[in-house]
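A.B. asks: The structure under discussion is supplied below as structure tokens; questions concerning it will follow.
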There are 4 protein chains.
Amino acid sequence: MDHLPEVIQELITKSNEAKNNAFCPYSNFRVGAALLTDDGTIIQGCNVENASYTLGICAERCAIFKAVSEGYRHFKAMAISTDVEKLYSTPCGACRQIMYEFGSDMDVYMTRPDLTYIKKTPRDILCYPFGPEELRMLKSGEVPKVDGDLNDNKMVDGTGDAKAHKKHKGDTAIPAQ
Amino acid sequence: MDHLPEVIQELITKSNEAKNNAFCPYSNFRVGAALLTDDGTIIQGCNVENASYTLGICAERCAIFKAVSEGYRHFKAMAISTDVEKLYSTPCGACRQIMYEFGSDMDVYMTRPDLTYIKKTPRDILCYPFGPEELRMLKSGEVPKVDGDLNDNKMVDGTGDAKAHKKHKGDTAIPAQ
Amino acid sequence: MDHLPEVIQELITKSNEAKNNAFCPYSNFRVGAALLTDDGTIIQGCNVENASYTLGICAERCAIFKAVSEGYRHFKAMAISTDVEKLYSTPCGACRQIMYEFGSDMDVYMTRPDLTYIKKTPRDILCYPFGPEELRMLKSGEVPKVDGDLNDNKMVDGTGDAKAHKKHKGDTAIPAQ
Amino acid sequence: MDHLPEVIQELITKSNEAKNNAFCPYSNFRVGAALLTDDGTIIQGCNVENASYTLGICAERCAIFKAVSEGYRHFKAMAISTDVEKLYSTPCGACRQIMYEFGSDMDVYMTRPDLTYIKKTPRDILCYPFGPEELRMLKSGEVPKVDGDLNDNKMVDGTGDAKAHKKHKGDTAIPAQ
């Protein structure tokens with residue numbers, strides 16, 4: 001498996017091991033995650049469910065909250081695993097938001113039990129994000145600097161919807177009724 | 001304003017009106033949303049914050065939960081508004097997940113106060129989703145039917161990362177240590 | 001049924017009706033809630049689940065967020081219903097927190113399908129609360145005014161733990177190591 | 001401070017240390033928690049906020065999710081700390097619910113910076129709970145065994161509301177309209 005760095009192979013292996021601690025008596029669906037910090041430490045997380053379903057936590061957020069509580073703020077990569085042969089382990093929207101806060105460009109390995117995977121960044125899977133930078137701009141009233149995503153035509157091009165694009169370019173305003 | 005159907009113009013206008021009911025004493029950041037149901041009804045939502053920040057709700061989820069509690073299950077479009085001139089109102093990851101559950105292909109208008117907007121679908125902004133169909137497949141062990149996103153190469157093509165693509169195509173397995 | 005005001009009888013009936021709109025494909029457990037606003041309006045809520053369990057909402061929070069988005073800020077009473085014969089419908093901790101924000105002294109009717117009930121206030125079931133008043137005091141550094149709960153001995157009496165009580169009364173400080 | 005076991009003194013000290021890792025750029029309000037597992041290990045947690053306020057986590061839940069991901073399922077005690085001189089650090093409703101799932105009878109030390117505290121159990125501060133046992137009963141249709149709270153008159157006595165009590169005792173049914 002020389003196509004992946006050893007540390008990433010270990011990350012994926014540890015995300016599978018992490019499933020062993022999953023607390024999922026309500027869904028019986030185990031999820032594991034492993035997070036690679038900027039100093040090379042690997043931190044594992046799993047899903048932790050609650051009798052009031054909405055108060056549980058996913059494996060990805062568990063790993064990140066855990067790492068932050070240990071003082072880490074920047075991450076290089078995350079691996080996610082389930083027991084399902086047929087699908088890659090893609091994170092829910094809430095987990096994408098938490099990943100984005102701490103590592104919009106980290107490599108996220110969404111794996112299958114056979115250890116094949118899809119690799120994306122939080123920025124890829126939370127396109128047109130609302131994150132810390134956006135919130136800062138919202139509060140300061142600034143225009144975005146680096147990332148054009150939030151105010152250029154690429155956003156509309158993104159849909160390949162030429163008509164919407166043309167309209168957007170013209171910035172035609174819709175009058176309040 | 002004939003470039004948008006009247007109902008969409010009304011939807012955007014009502015998402016702005018919805019901000020008036022926002023309960024945001026902690027962030028002082030008003031958000032409004034308006035949801036178009038399949039029978040043409042428009043339902044408004046706003047952010048509702050809590051002293052325990054994590055227990056509040058965003059405007060988009062507020063509108064959807066409200067509509068579902070009125071018996072609606074399918075939606076055609078949603079508009080989102082804030083008071084910020086410079087940025088389009090993009091939803092957080094949790095709101096994308098809730099939108100996806102009830103209308104993965106609805107038109108989401110992320111607007112600015114000048115009523116210009118970006119139009120996307122939940123599927124566009126929650127790419128490689130984990131949603132009801134995926135959960136059903138996970139539990140049944142089926143392969144995805146319609147949407148190829150979750151098991152063909154487009155997922156890797158998505159990043160335009162040829163190297164990752166090649167590796168993925170080959171489905172090279174990483175052996176457990 | 002003259003032992004309860006008609007409006008409360010209607011509230012309890014409507015909390016049972018509200019179950020009909022519950023979206024609970026994951027738990028198959030229907031919950032309904034009905035909220036009485038200070039102008040006598042009754043607003044219904046139900047649980048709305050999500051494929052990512054943690055992102056759903058309970059019936060009680062659904063009803064409150066809905067009411068707030070309609071401009072209501074103060075509530076007189078809430079009724080909660082499930083389909084379970086044997087137990088009263090008690091709210092989860094998150095719902096208690098949301099109730100507390102908008103009506104710490106409203107009457108909460110935790111009912112059974114036979115329409116018998118337990119009546120409590122959010123203050124009763126979220127004792128020693130962390131709420132808006134507490135947060136305001138935290139930020140201002142004030143001492144609590146009205147409610148003694150947060151800094152008098154009743155807190156310790158509450159446990160009937162005489163030893164803890166004595167210690168607390170003396171405010172014996174524990175030295176940092 | 002020989003009035004408390006050394007391990008509890010250490011627990012309270014570590015809950016204060018845990019604040020140092022708090023990620024709270026949005027509220028600027030640091031919270032720390034320390035959890036004592038049944039094998040004597042102490043696990044620290046802090047609040048971790050997010051640009052989308054509702055997706056952050058409190059210190060208490062952070063510590064518990066972290067411990068569960070390390071394989072712990074039962075806890076003896078938790079200490080909670082903030083920087084506020086005047087108030088005891090009481091948990092929000094969501095945290096009470098998560099505590100209840102894993103240790104309804106553990107000692108929860110709600111402290112002040114001067115290290116004085118209030119001691120309660122999750123059962124004390126989430127009275128008339130909806131927890132795992134209740135959910136099991138709901139699904140099985142059983143009557144509660146051990147804890148009478150959920151179906152005897154003590155629930156109504158709890159408020160000392162004699163009138164409600166009398167009504168409840170009679171189990172007078174409210175007819176559907």
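Quick reminder: no glycine exception, Cβ is built from N, Cα and C everywhere.
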A.B. asks: C:Cys92, C:Cys95 bind Zn(2+) in TrEMBL, but which of C:Cys58, C:Cys62, C:Cys127 does that record place at the same site?
C.D. replies: C:Cys58
A.B. asks: Would you identify the secondary structure of C:Asn47 (substrate binding site) according to DSSP, in three states?
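C.D. replies: In the DSSP reduction, C:Asn47 (substrate binding site) maps to coil.
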A.B. asks: Take the binding-site residues C:Ser52, C:Cys92, C:Cys95 and keep those with a Cβ under 8 Å from any chain D Cβ; what remains?
C.D. replies: C:Cys92, C:Cys95
A.B. asks: In terms of Cα spacing, which of the recorded positions C:Asn47, C:Ser52, C:Glu60 are within 10 angstroms of C:Cys92 (Zn(2+) binding site)?
C.D. replies: C:Glu60
A.B. asks: For the recorded positions C:Asn47, C:Val48, C:Glu60, which residues show a Cβ-Cβ distance under 8 Å to chain A?
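C.D. replies: Cβ contacts with chain A under 8 Å: none.
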A.B. asks: Against chain B, with Cβ pairs under 8 Å, which of the binding-site residues C:Asn50, C:Ser52, C:Tyr53 show up? Give them in sequence order, please.
C.D. replies: C:Asn50, C:Ser52
A.B. asks: Of the residues in the domain 'CMP/dCMP-type deaminase' (C:6-138), how many are helix, strand and coil by DSSP?
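C.D. replies: For that range the per-state counts are 52 helix, 32 strand, 49 coil.
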A.B. asks: Which of the recorded positions C:Cys58, C:Glu60, C:Cys95 has its Cα closest in space to the Cα of C:Val48 (substrate binding site)?
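C.D. replies: Out of the listed candidates, the nearest Cα belongs to C:Cys58.
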A.B. asks: Checking your reading of the structure: which of the binding-site residues C:Asn47, C:Asn50, C:Ala51, C:Ser52 lie inside a 10 Å Cα sphere centred on C:Cys58 (Zn(2+) binding site)?
C.D. replies: C:Asn47
